[in-house]
Structures are given as structure tokens and as C-alpha cells.
Amino acid sequence: MELTFLGTNAGVPSKDRNVTSMVLDLQNKQKSLWMFDCGEATQHQILHSHVKLSRINKIFITHLHGDHIFGLPGLLCSRSMGGTENPLTIYGPTGIKAFIETALTLSQSYLTYPLDIIEIEQDGFLFEEEGIRASCGALSHPVPCFGYRLEEDNKPGKLNADKLETENIPRGPWYKLLKQGKTVTLPDGRIIDGKDYLSTEIKGRCIVIFGDTQPTPNAVKLAENADVIVHEATFKHDMADKANSRGHSSTIQAAELAKKANAKRLIITHISSRYSPKETPELLAECHTIFDNTQIASDFETFKL
């Protein structure tokens, strides 16, 4: 998987960073792209990236503040003008449906593809498909806001070809079934269990993407044992009180969350305009005092997960 940040600024765009949006490339057979938030000018950012609108089949909205949704109507229409008929599903808090339908109705816009809008009212399971189980958890912000947890299925271990050869099991179409851990009957009548020829299964990855939030116990629960957490760090820690009063987090608070959740990796984003690119190393340094494996995202940066 790869995660590309299209916008990493908080609140309003700056000369160096656009407002929030990121795209997860599942790198699967379906070539699916999942977008998280869609701030103003996200589609313009896409023009400068490798992201293809037609491949985006899910959009997850964390909350209804403008810097996270004002890019949606234009993006939906541009996706349609590209001629795609691929279905699109949008998940978001209550109100996202009215926002989208009002924008499309008043502008008399027509979409060439099926659009399904699913409103979220509480924590819990969302769906399981494409080898991923998705769930959400409520955060602490002035408006309803959610974080999303994606848990990848475990993958079968590698097939032990040497053991198969030692036991005189010839290569054939049954290898594919053995790799899946299934039981097969060989041409000579022998029945073998694929699980006996596989190494330990490969644990699936867990990725948690937060919306805006101040520290809250539910965030720790949502991020528990995650391989990667994407979390806002609007201000340096000397402005933690100001951050919290607006429903946001500081650098150190984001790092503390990752540590409490026993996460493996933290990527911070949603940086205030008061910090120039030259100052971002200072934000990262603060995180490193608490959680060493922290990175800071910039626009158009892609992280391998």
C-alpha cells in the first residue's frame, strides 16, 4: 500500500500546503484508490500527482468543516466529466448527504456514475471488502468527527517448494490451491493439506487515519496496535491549550497518542499556516521526544505502508 498526501495544511490553504486530503493506493487487482477528506482545490492537487480520479472508488470524510469537504462537489463533477461509470461510495457524518445533494442539485450537475452516500452516526463496523475490514470511531471536535481504522486480512505464508519436492509432489495446477492453504487430491490419489506446506501466515497491516481531534480516550482505543497512524498536529506543544480549545492536538499530544496505542509508526499532518516548511523540522523534533518513529507529511509526498 501507498499513502499520498494531497494537502497537509490546517484550516486554510497556504502558499506551501493545501488543505486536507490524502489517497490510499491499495495496490490490489482492482487498482482501488481510497480518498480521505477532500478540502478545497483537491482536484487541482490531483493534477500534479499520479492519482487518477476514475480509480477512486471510496471517499471517507472525517467531518464537515470546509477544509475537509469543500473540494467534494468539483471533484465529483470532474470525475463524471472524465466519462467514468465506475461506482463511488462516500462515507461521512450525518449531513454529508445533504451537502453533496444540495451542491449537485443547485448547480444542475449530472453524474455519469452511481453514487452511494453512507452517513455515519456512531462508532462501529463499516464494511469488509477487498481484503480489508473498515471501522470508525468518534473523536473530540466541535462538530461530529470520526477516525477510520482499516485492518487488512492476514495473508497465507509462503509455499515451501523444497518440502514439496522432497516428498515427490510434482508441480501442477494444485500449487495454486496449496498456496491458499487448501486440501487437494493429487493424481496419484494422495491427499495433502496446503497448511502443512506453508510458512507462518503474514499478519495484515492496520492503518488508522484520524480527523481533527483533541486528545480523547476513544482515539487511543481506535488506534490500538496500529501499524500506521495518521494524526493531526496543528500546533507545537507550547500552544497545546489553544489547540485543545479548538478541538485540535499538539505535536506531543499526537506522539503521546501513538505511544499509548502501542502503534508502530506515526505520520503527522494538518499543520497550521503559522509554520513555514523551514519550521516543520521543529514540529517533528517535538514528536521524536515521545515517539521516535514519527514522520511529517508534505503535499504530494507518498509513504509506503
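Our numbering is plain: 1 for the first residue shown, then up by one each step along the chain.
Positions of Cβ are set from backbone N, Cα and C atoms, glycine also.
Look at Swiss-Prot and you will find H63, H65, H141, D212 tagged as Zn(2+) 1 binding site. Here Swiss-Prot flags D67 as active site, proton acceptor. The feature Zn(2+) 2 binding site is assigned by Swiss-Prot to D67, H68, D212, H270, with sequence analysis given as support.
Overlay of Swiss-Prot feature records on the structure.
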residue	record	Cβ contacts under 8 Å, 6 or more apart
H63	Zn(2+) 1 binding site	G92, P93, H141, V143, P144, C145, F146, G211, D212
H65	Zn(2+) 1 binding site	V143, D212
D67	active site, proton acceptor	N9, A10, G11, V12, V19, T20, G39, E40
H68	Zn(2+) 2 binding site	V19, T20, D37, C38, G39, I61, T62, G211, D212
H270	Zn(2+) 2 binding site	T8, N9, A10, T20, D212, E232, A233, T234, H248
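Of the chain residues outside the Zn(2+) 2 site list D67, H68, D212, H270, A10, G11, V19, T20, D37, G39, T62, H63, H65, G211, E232 have their Cβ within 8 Å of the site's Cβ mean position. DSSP assigns H68 (Zn(2+) 2 binding site) to a helical segment in the three-state reduction. Each of T62, L64, H68, L139, P142, V143, C145, G211, T213, G247 belongs to the same chain as H63, H65, H141, D212, is absent from that list, and has a C-beta within 8 angstroms of the C-beta centroid marking the Zn(2+) 1 site. Cβ-based neighbour count (10 Å, all protein chains) for H141 (Zn(2+) 1 binding site) stands at 20.
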